[in-house]
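**Q** Annotations per TrEMBL:
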- 63-81: transmembrane segment (TRANSMEM)
- 87-107: transmembrane segment (TRANSMEM)
- 149-260: domain 'Phospholipid/glycerol acyltransferase' (DOMAIN)
- 352-382: region 'Disordered' (REGION)
- 360-375: compositional bias 'Basic and acidic residues' (COMPBIAS)
Amino acid sequence: IGNMLKCYQSLMLIIPFEMADIFYFCRRGVESIVDDEVTKRFSAQELETWNLLTRSHYNFRHISLRLTVLWGLGVLIRYGILLPLRVTLAATGISLILVLTTLVGFLPSRELRFFLTEKVHVMCYRICVRSLTAMITYHNRENKPKNGGICVANHTTPIDVIILANDGCYSLIGQAHRGLLGMVQRAMVKSSPHIWFDRSEVKDRHLVAKRLSDHVADKTKQPILIFPEGTCINNTSVMMFKKGSFEIGCTVYPVAIKYDPLFGDAFWNSSKFGMVNYLLRMMSSWAIVCSVWYLPPMNREEGEDAVQFANRVKAAIAAQGGLVDLIWDGGLKRAKVKDAFKEEQQKLYSKVLVGEQEQGDNKSSEENPEEDKSYHGSANGQ
């Protein structure tokens, strides 16, 4: 609204003021505040029915004794039986990744190392998937990503990686971490060609593009798995894809992932929950139910730039997964709107106002052509 007022003040010097001129802009501003299509993508998806997972303290009402007892039994089952078993499975899967990938990395034969790496990764990822009681349905497996390509998918949660790796082996790309996750990364890179960047290298677009190009040029290496949104979205929409992955000039394999929130909300709200807290919430839910669609491979068309190619892939993923296709950058989750977007809206408002004034001028010129000619003559002089 403030940007609209600034824009209007600059136009008031040229266009006569009428109170009705600001109504359209005020209505648009109020609509944007009431129904913000960006901010609500970073909060948990609203359910139509209660799934026996939580009892909200906000406006809580006692419905019935039977329902309360049922919820209590659910808490006992999820935290007393399912959670210990799932934590054990997760610890087993992570331990096997650390040990087996390190041992495979010492093998001298490159072909044998790659062969065993795929088997080890798939086995360990499937154990991790069992720790979440994930029920996954894969569609169109004939379109699965192949070596020498890039697999891109919408991003809802960090477990997207094990959901896809449960059905095939991928090379991962991302920032190098410390602690337990860093140990897993260092063990994995010994046996397979994953790409990890230091914090200072992530912002170097040319270095990232070169590492990606070198990887996809080798047809013996596994496809790279990338989430171009750069952040987790709440399973209702797909936001802007970063163009870097689409500048390489290789085959892109789109994948659409859609979770069913009825049995467990897979969305990771990183501003509200830490990684450990989030994983415990996932392991204490009833189950993780999702569908995965492998879309036909796509290539950059002649005359199409990287941004257009990224938007075309994003639209295909959104259509297949039943998600809303949004043009907004997922970086708005933590950053403010760029000045370029504000200036674009200011130009739009200016065109609307100037256009209305020109229509009024044309109408008056038809009624009094001599007066109109003198008016435009003085305007041109100014």
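Glycine is no exception: its Cβ is also placed from the backbone N, Cα and C atoms.
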**Q** Give the nonlocal contacts of the transmembrane segment (63-81) in its own chain as ranges (CB under 8 Å, at least six residues past its ends).
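**A** Those are 52-53, 55, 284-286, in sequence order.
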**Q** Residues sitting near the transmembrane segment (87-107): Cβ under 8 Å, six or more positions beyond its termini, same chain?
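**A** Hits for the transmembrane segment (87-107): 113, 116-117, 120-121, 123-125, 127-128, 130-131, 180, 183-184, 187-188, 190-192, 279, 283.
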**Q** Please give the average pLDDT for the domain 'Phospholipid/glycerol acyltransferase' (149-260) in this predicted model.
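**A** Here the predicted model's pLDDT, averaged over the domain 'Phospholipid/glycerol acyltransferase' (149-260), is 83.
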